[in-house]
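Taken from TrEMBL, the feature S-adenosyl-L-methionine binding site covers Tyr19, Tyr67.
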Amino acid sequence: MSDFTKASEYENLFDPRLYLETYFHLGSGSLADDFLRFTLSNFHKAFTSGSVKGTTLIDIGTAPSIYQLLSACEYFEDITVTWYTTRELQELQKWINKDPGAFDWSSVVKHVCELEGKSGMLKKKEKKLREKIKQVLQCDVSKNNPLAKMQEADCLISTVCLEAACRNQDSYKTALKNLSTLLKPEGHLLMAGDLGANYYEVGSNKVFSLSVNEAFLRNVVSESGYCVRELVSFGKPEDAGYENSDYEGFYFIHAQKC
């Protein structure tokens, strides 16, 4: 088995639009409701704290999602979005281009606007994010330089990406070290994802996820050249009846390049 997930596995089996329709209508009752509220709240807190500053931000593993950038676009002028394969980037590009068939993110955007005390400003928020996205690029976290000829950024974001890309703990550490080449000294790393998940379902397909826990995350981030500033988690509710993933909870990490 390869240390990293092959692009063909996503190109052939992962339907980005079905993934969005399944998990990203906030309030629909999917397991992502809890994840979105937890993650969006922590991104909001991280940016409004005033400690995460700069001009340039790179999102590792964006496509086909935008939720993780809705708070960031208020604080960074130059955002680069990335993914490993073309289908996901094409789905994201539909939203950037305001294509008629683009996924409707309004339920998520509405929630972030409410967190920011800006209810009713959905269109303005979406317009701002579109304007701040300057590049859409392919990224390979298995490479020493995941984005060729890219200047170091002030901040990196990565949500539910490395758990999909990395097949074991060693490759997860390799990926984090590779990503550090994209970050300025003392630059900020913000990550969120699932705890204890081995898979999640998209349609009839079970999509691989590397199972991680808090101890592993704290150690691997520290050993990969970052200083952990905060690690928070949210456990799976006891009454949760979700059967499309075996996750145990969620995590959010704020670290800085040492």
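Glycine residues also receive a Cβ, built from the backbone N, Cα and C atoms like all the rest.
TrEMBL labels come from automatic prediction, so no person has curated them.
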If you skip the near sequence neighbours and keep only those at least six away, which residues in the chain come within under 8 angstroms of Tyr67 (S-adenosyl-L-methionine binding site), Cβ to Cβ?
Phe24, Leu36, Thr39, Leu40, Trp105, Val108, Val112, Thr159
List the residues of the same chain that sit at least 6 positions away from Tyr19 (S-adenosyl-L-methionine binding site) in sequence and have their Cβ under 8 Å from its Cβ, in sequence order, or write 'none'.
Pro64, Val202
